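See below for the structure under consideration.
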Amino acid sequence: GDGCGHTLLTPHSGTLSSRNYPGTYPNHTACRWRLRAPPGTSLLLAFGDVDLEPSERCTRSSLLLADPQAGTAYGPYCRNAVPTTPLLVTNSSTVTVLFNSTSHRSGRGVLLSYATSEHPGRGEWDRPDPPPSPCCSVYCPAGCKDIDGDIWGNPSQGYRDTSVLCKAAVHAGVIADELGGQVTLSREKGITLYESAFANGLHSKRGSLSEKRLVFHKGIFSPFPLKFSHNFGHQTRCPPHAVPLGGGPRLPACRVPSPACGDTLEVAAFNASSWWHEVDALGQDRAWAPQRAALGTAGHSWAAEPGSEAAWLELDLGTRRNVTGIVTKGSSEQHDYYVTSYCVSSSRDGKNWRPYRGSGGQEDKVGTGGTMGGGTDPLCEPLGHRHPLWQVFEGNTDSHGEVSNAFIPPIVARYLR
């Protein structure tokens, strides 16, 4: 209905909100969501926010949850009849969520997330007043990327502890927004200044000193550094915007790899569809060759021949490797060049290529050949439209800053384009 706001529903988790949330929800509107979990599992729902204008029996505005399998209903809820607990555990794999409004003056609306009973349990802080470096394991539902709230910091520094945790987890690349997942983090001593960054489709803010910071942990991050020119609430404990599931073990300390880039992959060779041979004012030729694509290369970078279509850059890692992310940057040497979006394909032999689909599905074989766009390989052109299997990554917005994108799941291959 026209009362539906941000919605991302998957079989295992999801997030939904009323229209305009957290602004005032519209008059005379309604929305119906039907949540379905896999057979044999049940749904757990977390109330992020229920702020509907009060009225007798919530007749003016209401949130109602119906469990058709059990024949029970929960609610109606509004500001003077709020849920008694932030977590609703059902015995059903199907729940219908109903939101209705009539004339009203105020109210943010509703924000709700869910997960299934099959998901692993959560961890908790060791005690209410946590030590400087406790470890916490929480579950973040799908759909946190577009919820309201700010994040400060970046994957290498960590995040200000007032950041929306699950949104920061997407920014850090530890989960994919369309899937959600378990997140492990530690609460460590804060720093003087948190730098902003654009990563995984999200902009973080630059922030000042905080007492504590959130540091996300995952396996060794093995990105390709490339330089080319073409809450539900803010808490310092395991917070309610991460769905609390089960009664998992307490974790006394984080014994996991550092979140920093500890294993930057070496590229054995670069290749490209073409490169620009620039002739400067003195008549001297300067090649923007593919080997100049490595991040940190002094001077100009790689650039395709002007006017070329379906340009590609190929990286040979020398052997099959596990690749979990990519870092890109433009070239600010005389020319303000950068790539705004791109797709990725991989190959184990340099002949058979697969488009990277991300967490939306398995990597499907799409063709063979020696050159992308020059033989039988498909083109990532126009982005995502000709070949809907591709995942389109957001690139740079200027030639100066670095942008990182995570591969979830990782790519296992020798060659990338």
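Please read every residue number as a count from 1 along the shown chain.
Each Cβ is built from the backbone N, Cα and C atoms, and glycine gets one as well.
Automated prediction, rather than curation, is the source of TrEMBL annotations.
Among the ranges 113-132, 353-372, the one that TrEMBL lists as region 'Disordered' is 353-372.
Same-chain residues at least 6 positions away in sequence with a Cβ under 8 Å from that of CYS4 (disulfide bond) are, in sequence order, LEU16, SER18, ARG19, CYS31, TRP33, PHE99.
Taken through DSSP, the domain 'CUB' (4-117) splits into 3 helix, 63 strand, 48 coil.
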